[in-house]
Amino acid sequence: MTTASIHIVASPESWIEQAAIDQLHQTAALPGIDAVVGLPDLHAGRGIAVGAAFWSRGLVYPHLVGSDIGCGMGLWRTAMKLRKFRPDTAVRKLHGLEEAWEGDASARLAEAGLPPLPVETLGTIGGGNHFAELLRFEDVFDADLFAELNLDAQMVQLMVHSGSRGLGQAILDRHRTRHSVGALSADTPDCAAYLAEHDDAVRWAELNRAVIADRFLDRLGTEGERLLDICHNGVTPHRGGWLHRKGAAPADKGLVVIPGSRGDMTYLVRPRSGDRADAALHSLAHGAGRKWSRSEARDKLARRFRIADLERTALGSRVICEDRELIFEEAPQAYKDIHQVVHDLERHGLVDLIATLRPLVTYKTRRA
DNA sequence: ATGTCC
């Protein structure tokens with residue numbers, strides 16, 4: 001059995017935990033895996049490294065995508081002018097947005113051309129590292145491109161990070177009862193069935209982000225226009241094989257936002273194509289990447305900070321998170337430095353920087 | 001990650 005090539009996109013000074021590297025090697029040794037790429041936000045996951053892309057020739061591995069099929073980031077321009085925006089007012093209006101949506105979810109599914117999939121959680125953020133955030137453009141690195149893309153630094157922007165909720169989980173669970181963590185031969189009915197369900201979950205997740213954005217915009221009394229939507233958990237056909245992305249943004253689907261932690265900047269980048277993009281499996285970091293596990297973050301930060309300390313960030317933004325464990329787990333200190341992560345991508349010739357965005361209000365969870 | 005586990 002041959003072992004796949006392993007390419008890690010990071011500079012020598014960027015810290016990457018050994019456990020994540022070990023996981024890459026384990027995945028590289030699976031049958032049919034030809035190429036493995038670790039992005040600079042690489043960190044250990046539950047068996048599979050996060051911040052990674054895996055290319056196989058004739059086999060599809062559902063467990064390399066994981067349970068949150070279709071998870072990703074969307075970015076909207078709101079119609080709120082920055083100079084009129086008051087964070088206090090926004091904070092007052094934002095609550096209950098992780099609870100069931102009152103709108104007609106079935107109609108939204110039908111409009112999107114989706115089959116009658118579960119609708120109970122459509123329009124809900126979920127837990128973990130998911131969030132919705134209001135931001136403003138800060139540094140503009142390429143003013144011509146910024147203008148050409150019709151971006152507007154005068155307006156408040158909205159970013160949504162969420163996925164397919166219980167739907168993706170159910171698809172992986174069903175697959176696992178039959179095949180465990182085994183591969184599917186690409187030409188089998190079981191593989192076709194998984195891919196069909198996977199593709200539905202990807203579209204459900206994209207719709208979920210759109211409904212979340214609608215709920216936020218409604219609550220804030222404004223409207224929005226979607227600028228981009230990017231899926232970082234999924235499997236797609238690529239060069240006669242299958243490209244699995246596990247917490248890796250696509251470099252071949254237009255502009256990408258790479259959020260830092262909830263207390264740091266977000267980067268808007270334009271992926272480059274070419275040999276270096278090929279070597280990186282047309283993939284990019286999907287965020288800053290965890291530096292500390294959730295339990296480490298809780299232990300270390302609960303000693304040093306009160307909840308109230310974490311509801312305001314070093315950048316002056318607000319964090320709405322009524323879950324006292326989650327606010328420690330997701331604290332900025334638990335994440336790598338986003339500037340270093342993006343610098344590594346730039347240094348490897350994978351992206352051109354367009355702009356940074358500064359967080360204003362981050363919403364995680366708050367009772368209605 | 002989880003209409004999640006304690």
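Cβ atoms are placed via backbone N, Cα and C, with glycine included.
A:H286 (active site, GMP-histidine intermediate) falls outside any helix or strand according to DSSP and counts as coil. Per TrEMBL, active site, GMP-histidine intermediate is recorded for A:H286.
Secondary structure at A:H130 (Mn(2+) 1 binding site), taken from DSSP and collapsed to helix, strand or coil, is coil. Counting Cβ atoms from all protein chains shown, A:H130 (Mn(2+) 1 binding site) has 22 others lying within 10 Å of its own Cβ. For A:D68, A:H130, the entry in TrEMBL reads Mn(2+) 1 binding site.
The Cβ of A:F131 (GMP binding site) has 23 other Cβ atoms within 10 Å, all protein chains considered. Residues or ranges marked as GMP binding site by TrEMBL: A:N129, A:H130, A:F131, A:A132, A:E133, A:H232, A:N233, A:H286, A:G287, A:A288, A:G289, A:K364.
For A:H232 (Mn(2+) 2 binding site), the number of other Cβ atoms no farther than 10 Å from its own Cβ, over all displayed protein chains, is 28. A coil conformation is recorded for A:H232 (Mn(2+) 2 binding site) in the three-state DSSP classification, outside any helix or strand. Residues annotated as Mn(2+) 2 binding site in TrEMBL: A:H161, A:H232.
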| query | Taking every protein chain shown into account, which of the binding-site residues A:N129, A:N233 has the largest tally of Cβ atoms within 10 Å of its Cβ? | reply | A:N233
| task | For A:H161 (Mn(2+) 2 binding site), just count the other CB atoms lying within 10 A of its CB, please. | result | 23
| query | Looking at the recorded positions A:F131, A:H161, A:N233, A:H286, A:G289, which ones sit with their CA no more than 10 Å from the CA of A:D68 (Mn(2+) 1 binding site)? | reply | A:N233
| said: Please list, in sequence order, the residues in the chain of A:H286 (active site, GMP-histidine intermediate) that are at least six apart in sequence and whose C-beta is under 8 Å away from its C-beta. | reply: A:L39, A:D41, A:G51, A:M73, A:H232, A:G247, A:A248, A:A249, A:I258
